[in-house]
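Everything on this sheet refers to the single structure shown next.
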Amino acid sequence: MLGLTLEGGGAKGAYQVGAWQAFRQLGLEFQGITGTSVGALNGALMIQEDFDIAYDIWYNITPHMVMDIDDRIYEMLSGAQINNRSIHIFLEEIRKFVKGFGFDARPLENLIKDTIKEEKIIQSPKEFGFVTVSLTDFKPLEIYKEEIPSGKIVDYLMASSYLPIFKSKKLDGKKFLDGSFYNNLPIDMLYNKGYKKIVAVRLLSIGRIKKVEKEDLEVIYIQPYRDLGGVMDFTKKRARYNMKLGYFDTIRVLKGLEGKKYYIKNGLCEEKALKFLMSGEEKMIKLLAELYHLSPIKPLNRLLLEEIIPKWALLMDLGEGCSYADIVIGLVETLAEYNDINPFYVYTLEGLLRRSIEIYCKDKQKVEDKQKKLLPSADFLPTIGREKLLEKTIKVLLRHHEGLLLE
């Protein structure tokens, strides 16, 4: 039996519909599905096999499909600047929020009522369960479809999705809270039903995740390496981007593609990767040693192999166990990202490198100006310093590495 677990994460849930699109394309079938919050809602639509409905909802999502909120207020709450003209509107909405103890989530409730079909879920041979939390009892509730009272699936799904910013509503005399406060990735619910192989679609959202460490359990994780935005970013632009990301990230994992931010087929063997890394000019090694404040006492090849190449892995956050191939792929991905190469395509490593160099050569000054705008000028934060150092590293490589030689 193959199971699927969907993490909660509000607006980030569009990512899971992209993953679903890839599952369908690859012919992957799941016998059981569990989820929390938006993961439970997407999971219910999967049990119903209503892909087109789910796709249409997320592709056309707007904030007021989820909660009753003025668009101007939503923009302000999503990070837009509050100025002298808008401050009174913002304060009035906050006053209403406090008085009413939350935003009105009736639009979301109506959406769930319109799309979730209890009869289809109950009659499906597939197992289904999700998580919510009873505030009244101070107890979590991990519930399977067969345990839900007749006619109450919609209500319990709403309970699983009840964020603290929403007005509280009682279900059977009890108040409930979003299930992410207990277990945002309920893999254990499938394991307890006998599933030993589970695909888990992460959203990397805020919430508690219960560890499930079993020797007889295999979990295949699908997760984003690019930002999914905020849990309240219910905009079409963000949802459509996340759907694409979910599709390609799933293809990467299930088809064995390489890369993190790009999708690379026919990668690189260790022998060729090491040869590529060691083919830099002497001037490149000296410039990088100066950039990294390394001692020039060692022979240049030792300096490159023992100090500089590990520094690249550190700058790209590849981890201690990364291979030489991982480092080469990371460098090419970094170059591609700096040149704003479209990520939603399956490239060969050579093709991605060639495309990146072509764009850099075509409009070098424009690319470098864009990089300066993307990177903050301050160096006091470690991550900012790392990004700036990585940018300078790429510039040195572009000028003095035989595999990337531009001049």
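Cβ coordinates are placed from backbone N, Cα and C, and glycine is handled just like the others.
Keep in mind it's a predicted model, so treat the numbers as computed, not measured.
Among the features that TrEMBL reports, active site, nucleophile is placed at Ser37. Listed in sequence order, Gly8, Gly9, Gly10, Gly13, Ser160, Ser161, Leu163, Asp178, Gly179, Ser180, Asn184, Gly207 are the same-chain residues six or more apart from Ser37 (active site, nucleophile) with CB atoms under 8 A from its CB.
The active site, proton acceptor annotation in TrEMBL covers Asp178. Cβ neighbour count for Asp178 (active site, proton acceptor) (all protein chains, 10 Å cutoff from its Cβ): 25.
Averaged across the motif 'GXGXXG' (8-13), the predicted model reaches a pLDDT of 95. TrEMBL lists 8-13 with the feature motif 'GXGXXG'.
Positions annotated as motif 'GXSXG' by TrEMBL: 35-39. Using DSSP to sort the residues of the motif 'GXSXG' (35-39) gives these counts of helix, strand and coil: 2 helix, 2 strand, 1 coil.
Distant neighbours of the motif 'GXSXG' (35-39): 5-13, 16, 130-131, 160-161, 163, 178-180, 183-186, 201, 203, 207; these residues of the same chain sit at least 6 beyond its ends, with a Cβ under 8 Å from one of its Cβ atoms. Beyond its flanks by at least six residues, the motif 'GXGXXG' (8-13) meets 35-42, 58, 61, 160-161, 163, 178-180, 184-185, 203-205, 207, 228-235, 238-239, 242 of its own chain at Cβ-Cβ distances under 8 Å. Classification of Asp178 (active site, proton acceptor) by DSSP places it within a strand.
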